[in-house]
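A short worksheet on the structure shown next.
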Amino acid sequence: MEAPSTIKAIKARMIIDSRGTPTTEVELTTQLGVFRAACPSGASTGMHEALELRDKDPSAFRGKGVEQALENIRKIIAPALIGMPVRDQRAIDEKLQELDGTAGKTFSILGANAVLPVSMACCLAAAREEHISLYQYLNRLANSNSSNVTGARDVRLPVPCMNIINGGKHAGNKLGPQEYMIAPTKAKNFMQAMQMGCEVYSKLKEILKDEFGLAATAVGDEGGFAPNVADPEVPLKYITKAIDACGYNGLMGICIDAAASEFYSKNENVYDLNFKDPENPNKVSGAELANIYLGWCRRYPIVSFEDPFDEEDHTTFANFLAALRQEGLPTQVVGDDLTVSQVSHIQKAETYKSCSALLLKINQVGTITGAIDAANLAMSYGWSVMVSHRSGETEDVFIAHLATALGCGQIKSGAPSRSERCAKYNELLRIEDSTKIPYGFEAWK
């Protein structure tokens, strides 16, 4: 019997992400080859997510260098992991946690940007060892790595939630909410979903150009258009118009990521929807904001609402979710900054009944088994799970395989534009082309 592959070497380097900011990349060597993985980076981040280690040296990359994270890989992580079998993912991830030594999965010593690409690369190597696709290997982990599994996770191609209008921290316009997305919920397969999304994206560009001029078709961090409008309902009107013009009324939903922590004032306990235009504030209470959102959900086909309130405002989250359910509206409430892909925060959200879905970002938790544990726990509560990219992305396609493996039926990876966004969608097209995996999210059909 052939001996299992072990980690022979780990090489770390700096690469540049989609915002022109340094990030970390790892090449892990086993007897079967070299396996590469890269770490993404967020702009609007939850206060409790795993730490992204930056050098803070103003003479290099304006303080955003990652040399310390790279040194942690070379001098601490690599020596400890060399010789370990790549198929024991939990042991590898536990060793990474042990090396860091901080409580929880904050990785405040080594940095999540040092730990995560190593964890990812080990999964790639193990899949090769098993002679299976990465999504198949991750599906095995999902079905075996946690006591929270309530049933076998079948692989499934996710509905792509495509970010077509950017605001908040992702764009240089006046728009407060961060993301307005479209989700081809009734597409027959992933290929058709991408066709629908691309057509609506293209039509929206025409509409915005005609209405606001060429400047409105400039794009934000995630490839969505960034018209310089302040009224947060305006994007919903134009997205609906584009959907209707393409003939997809009733076949496509709208998703919103408000990223409301970015426009919440803790001192005043108010939300300023015009926070990017301080001379013209539009401040509302949490209850008033919830009523605004409810009006949108009644008037538009909104199927998902992410981080509608501040990350510590569990009560308003819970009241909003209860109001949606009372009215029979089909909108899921997604926790991102609220839950930061961490088991303890998911448990807290379940106690409060704050949300009905988890946004899963692998760099928020730092390891792949940690991410899978978070997804499994959320699913055990009856929540949905949406796998997510970050605003600072690379060409790495790991999350396409993770979304397929979890069978969660939802992924967001930005607009059908910019190659670091399309890389994930293109990988899902390749997976669909080579298999007969079902598509979609049952609750949206």
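Every residue, even glycine, has its Cβ placed from backbone N, Cα and C.
Not measured: the values here are computed from a predicted model.
Sequence-distant contacts (6 or more apart, same chain, Cβ under 8 Å) of E222 (active site, proton donor) comprise N163, N166, H170, E179, H389, S391, G414, A415, R418, R421. Annotation comment: TrEMBL describes E222 as active site, proton donor.
Taken from TrEMBL, the feature active site, proton acceptor covers K361. In the three-state DSSP scheme, K361 (active site, proton acceptor) is classed as coil.
The annotation substrate binding site is assigned in TrEMBL to H170, E179, E306, D336, S388, H389, R390, S391, K412.
In the three-state DSSP scheme, D257 (Mg(2+) binding site) is classed as strand. Residue environment of D257 (Mg(2+) binding site) contains 28 other Cβ atoms, counted within 10 Å of its Cβ in all protein chains. Residues or ranges marked as Mg(2+) binding site in TrEMBL: D257, E306, D336.
Closest by Cα distance to E306 (substrate binding site), from the recorded positions D257, D336, K361, is D257. Sequence-distant contacts (6 or more apart, same chain, Cβ under 8 Å) of K361 (active site, proton acceptor) comprise G42, E49, D336, V340, S341, S388, H389, R390. A separation of roughly 11 Å, to the nearest angstrom, links the Cα atoms of K412 (substrate binding site) and D257 (Mg(2+) binding site). A simple way to gauge crowding: the CB of K412 (substrate binding site) has 28 other CB atoms within 10 angstroms, across all the protein chains here.
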